[in-house]
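Trainee: Shown below is the structure under consideration.
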Amino acid sequence: MAEVKVFPLCCVVQSYAWGKVGQDSEVARLLLGGDPQALIEETTPYAELWMGAHPKGDALIKDNRISQRTLGQWIADFPGCLGSKVKDTFHGQLPFLFKVLSVNTALSIQAHPNRELAARLHAQFPEHYPDNNHKPEMAIALTQFEGLCGFRPMDEILGFLKNVPEFRALVGNEAAEELQSADGDPGRTSLALKKCFTRMMNCEKKLFVDQLNMLVKRISEEEAAGKDTSGSNGELLLRLHSQYPGDIGCFSIYFLNRIVLQPGEAMFLGANEPHAYLSGDCVECMACSDNTVRAGLTPKYIDVDTLCEMLNYSPAPVSAKIFPCIRDNADPCVYLYDPPVPDFTVMRIQIPASARQYTVSALDSAGILLVIDGEAVATSAAALSDITLTPGSVLFISANESVSLEVTSSSGMTMFRACCLL
């Protein structure tokens, strides 16, 4: 069956406590749209839909006429489907994992190591860092999507140190004054910021719990009195504390940018970039790795020392953290999200309502196509038969194969395609 190079996938749904429950979840909507017989459990947190060949969530080929096997097994049997450059560069492995995430509660203060640090952590602590690969990520909003990303501009951090005495108590006057006196010098600022963040993250537990309780009490009383609590980032602080009471990660909001992405906007999370997902739905693409260094807002393993040592301590505004997409000159329906890593590129394909025919172009890379909205019938010389596409449908497209769509929905289509453009 080597001639079959385009086929639908049955992907893996992951249920984590932080996910959205029932049909509030975009993951659940897509699961239901792709399979009308699917039953959505109203108490189940549908957190992630995995589309790829990851060993912890390998997609199953959906066409019964192909012998039952996973995508990973298929790629192992036919590595040429990846494309020659991808096959050679990534040793016959699909280099990315494509996901949909539906986030209801905060998803850990974390960062991902570069390859050098990943190899060292894996060698020292393989139970916590199970591979030696880096893990850059791209998150593209499907609904309004909220997260923390990178260190805030200096004036914002200094403002919180002035207006939030409980926060300053954890950082300490010495470190806070050192940060203030850095006076815009990038090197001094970075060192002082590292000192402040490290002091906070390593402070005695009783101290930060007492200060957090005082802060929560003060903000709650101010809100009850109708006062403006934005100077203390009050709404977010109370929300995170309700999700993770007594967690040092609640104070991270005074260091890290709060970013709110609108549908179609993206953020790229490269090595050593501190971040957390807070709420909303997104498409995510990442290098194939499980290496995450966490330090708060999570029940998982915490490695504060590694996180504090590895981070990029460069202040930047929210606007600098929104990753731009570029309209493809060759196809006005395609918007490219092309990060500065070789492992993946994501395309948003927006077919207008006026279009009845569309061709998903051939690339020198295997790709995974996800339908978000709209319906079509897909045909390809490399497929066993025509394939009906609805919201939630997922296609694997081998390198150098195109797919023709006859669009049947009156409102056009929205799709995302993950690939590797070397």
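Using the three backbone atoms N, Cα and C, a Cβ is placed for every residue, glycine included.
Annotations in TrEMBL come from automatic prediction, not curation.
Below, the features straight out of TrEMBL:
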{"type": "DOMAIN", "residues": "6-153", "note": "domain 'Phosphomannose isomerase type I catalytic'"}
{"type": "BINDING", "residues": "GLN110, HIS112, GLU137, HIS275", "note": "Zn(2+) binding site"}
{"type": "DOMAIN", "residues": "170-256", "note": "domain 'Phosphomannose isomerase type I helical insertion'"}
{"type": "ACT_SITE", "residues": "ARG294", "note": "active site"}
{"type": "DOMAIN", "residues": "336-376", "note": "domain 'Phosphomannose isomerase type I C-terminal'"}
Trainee: Near HIS275 (Zn(2+) binding site), which residues of its chain come within a Cβ-Cβ distance under 8 Å, counting only those 6 or more away in sequence?
Mentor: ILE109, GLN110, ALA111, GLY147, LEU148, CYS149, GLY150, LEU256, MET267, LEU269
Trainee: Including all protein chains shown, what's the count of other C-beta atoms within 10 A of the C-beta of GLN110 (Zn(2+) binding site)?
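Mentor: Within a 10 Å radius of the Cβ of GLN110 (Zn(2+) binding site) lie 25 other Cβ atoms.
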Trainee: Can you grab the distance from GLU137 (Zn(2+) binding site) over to ARG294 (active site)? Cα atoms, rounded to a whole Å.
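Mentor: Cα to Cα, GLU137 (Zn(2+) binding site) and ARG294 (active site) are separated by 15 Å.
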Trainee: I want to check the contact list for ARG294 (active site): same chain, sequence separation of six or more, C-beta distance under 8 angstroms. What comes out?
Mentor: SER108, ILE109, GLN110, LYS300, TYR301, ILE302, ASP303, LEU307
Trainee: Tell me which residues of the chain lie with their Cβ under 8 angstroms from that of HIS112 (Zn(2+) binding site), as long as they are six or more apart in sequence?
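Mentor: Result: HIS134, LYS135, PRO136, GLU137, LEU269, ALA271, ASN272, GLU273, SER289, ASN291, THR292, VAL293.
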Trainee: Counting by DSSP, what is the helix, strand and coil composition of the domain 'Phosphomannose isomerase type I catalytic' (6-153)?
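Mentor: Breakdown, helix to coil: 39 helix, 45 strand, 64 coil.
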Trainee: Looking only at Cβ atoms, how many others are within 10 Å of the one on GLU137 (Zn(2+) binding site)?
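Mentor: I get 24 for this one.
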